[in-house]
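The block underneath contains the structure these notes are about, expressed in structure tokens.
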Amino acid sequence: MFISEKVQKALEENKPIVALESTVIAHGLPYPENLKVAQEFEDIVYENGCVPATIGILKGKVIVGLSKEQLIELVDDNPIKVGTREISYAIAMKKSAATTVSSTAKIASLAGIKVFATGGIGGVHRGEWDVSQDIIELSKTNIIVVSAGCKSILDIKKTLEFLETFQVLTVGYKTEYFPIFYNRLSKEKIYKVENADEIANIFNEKNKLKLESAILVANPIPEDYVLDNNEIEGYIKTIEKEIAEKDIHGKEVTPYMLKRLVELSNGKTLESNIVLLKNNVELACKIAQSLKK
């Protein structure tokens, strides 16, 4: 594992660091918007007094703190999408890979980083028996993950049941209902926190008890970017039919759904996705700062 000079320096000087994933850049956003947004994420982290650590695998080397040039190279190298399970494969086969929530959380934790910002976690898909690695990884990795909950394409109730079963503490930032996007809030109740200091305190108490699971901080999408639920559900039904007809499954499902949602919504879901990501990065910075108090 290679830790960049800026991240290593921040670790040595005990500065707040926020980990960022590469899958949303390589597979979640279209080119060239993805590279522009990646830079904006890092700028937000710096502006909030923290150090960004974008994580990915470049030609078999795990990198914590990808440079702008390395990120461009990663995107251009047709990277595979890897969860924790596939990290060793990517390394051994000298593959370039974009890291998902599970693999980013694992690598960040191994590097000593305590806070990670993402868009949404993977969960339990509707219909077929498809459960994301993210939940399993969060059950055994000591990190705070800030997300906008999970995508409305998932089975929200079952996702929360899995999080509970695997002892992943899930808290809502200024809400007692689990967020989903692009609809803001579900009807499923969770614990509520009011500020970053409370989240940091919960994490510190958890560590005193040597509980190794993550804390999932669910941060609702800003209200101005919420999309109509009926509209989104209509798109999802159309896409689910396409997925069945084309026999798309496994890791290919989510990227396909996100791409088609952007197309069917005329770009509205893409705009919402970028806004919620930036919103999560800002909250992650506040939490990282609070952990240093």
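If you go along the chain as it appears here, the first residue is 1 and each next one adds 1.
Glycine is treated like the rest: Cβ placed from N, Cα and C.
Annotated substrate binding in Swiss-Prot involves Lys81, Ser132, Gln133, Asp134 plus, out of the candidates Val51, Val62, Val101, Val168, the residue Val101. For the binding-site residues Lys81, Val101, Asp130, Gln133, a Cα to Cα distance of within 10 angstroms from Glu21 (active site, proton donor) holds for Val101. Working note on the recorded positions Lys81, Lys151: by count of other C-beta atoms within 10 Å of each C-beta, Lys151 ranks first.
Ser132 (substrate binding site) counts 23 other C-beta atoms within 10 Å of its own C-beta, drawing on all protein chains shown.
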